[in-house]
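Comments concern the structure below.
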Ligand code: CP
């Protein structure tokens, strides 16, 4: 069993994963007693995804191998397939992969026998992030149907936005996007940020991905903060009970003002906390599913 995109999962399966993540949060124990090995193969930088998969594996009693692409035979030209095949050959039971190439997993399907869990593919999808976002939303509101969310920022380069846009709509949420027009995704529900702000239950900010858009952005970071940054003035316009989310890492004082990162409405660190439980549910699912 592989986990590449949430499009491969029914809403029933999504809810099952969230239920199990909640059970783990409430103390459910699963212990593989060191008999399972999970290899974390990160070909792109990561803090949250890498180390929360590592912590999730540890909590399940698995051992982990943490691969460093920069110090590996990738530097000698070894392909992704050959690298993953190596970890399969030495007896790993599952691999978690983040890779800069969108749909990188197409090279692996049906050729790799152990489960592959995606930690993000280029600008494509980020299924575990989306699930931890959903867990945080469900924990807050108790349901998805009818909730309004605006996702703000670099939509076109964001695998988080791509995953969330699809699954949140499927779960009955009203999903809006906003941000610089050069980062708009064709076919998405683009709105004026300041107009929609007082109506939404969730404001989800995205990082300005300087490393991906290669100077595509026409605004300076100060201009961006002025037009789309969540500052105290904008937080004051949010409706009662509305929350702030961000997948992180964040650019303080660009998409989010420094003082808003840990304000009462922010659930950013709750998202990180929930990431471990969601990843425990994902690893448990792939390690017990033949
Ligand atoms: N949210 C997220 O994917 O963070 P990392 O890039 O640090 O894993």
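Note that Cβ sites are derived from N, Cα and C of the backbone, with glycine treated the same way.
Annotated carbamoyl phosphate binding site per TrEMBL: 48, 49, 98, 126, 129, 248, 249, in sequence order. The L-aspartate binding site annotation in TrEMBL covers 76, 159, 207. For 2-139, the entry in TrEMBL reads domain 'Aspartate/ornithine carbamoyltransferase carbamoyl-P binding'. The feature domain 'Aspartate/ornithine carbamoyltransferase Asp/Orn-binding' is assigned by TrEMBL to 145-284.
Mapped onto this structure are the features recorded in TrEMBL.
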residue : record                           : DSSP (3 states)
48      : carbamoyl phosphate binding site : helix
76      : L-aspartate binding site         : helix
98      : carbamoyl phosphate binding site : strand
126     : carbamoyl phosphate binding site : coil
159     : L-aspartate binding site         : helix
207     : L-aspartate binding site         : coil
248     : carbamoyl phosphate binding site : coil
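Around residue 49 (carbamoyl phosphate binding site), the same-chain residues six or more apart in sequence whose CB sits under 8 Å from its CB are 42, 96, 98, 119, 120, 126, 128, 129, 275, listed in sequence order. Comparing CA positions across the binding-site residues 76, 159, 207, the one lying closest to residue 248 (carbamoyl phosphate binding site) turns out to be 207. Other residues of the chain with a Cβ within 8 Å of the Cβ centroid of 48, 49, 98, 126, 129, 248, 249, the carbamoyl phosphate site, are 46, 47, 119, 120, 160, 247, 275.
If you measure from the Cα atom of residue 207 (L-aspartate binding site) to that of residue 249 (carbamoyl phosphate binding site), you get 7 Å. Counting in whole angstrom, residue 249 (carbamoyl phosphate binding site) lies 30 from residue 76 (L-aspartate binding site) by their C-alpha atoms. Per the record's binding annotation for carbamoyl phosphate, residues 48, 49, 98, 126, 129, 248, 249 show a top Cα-Cα distance of 16 Å.
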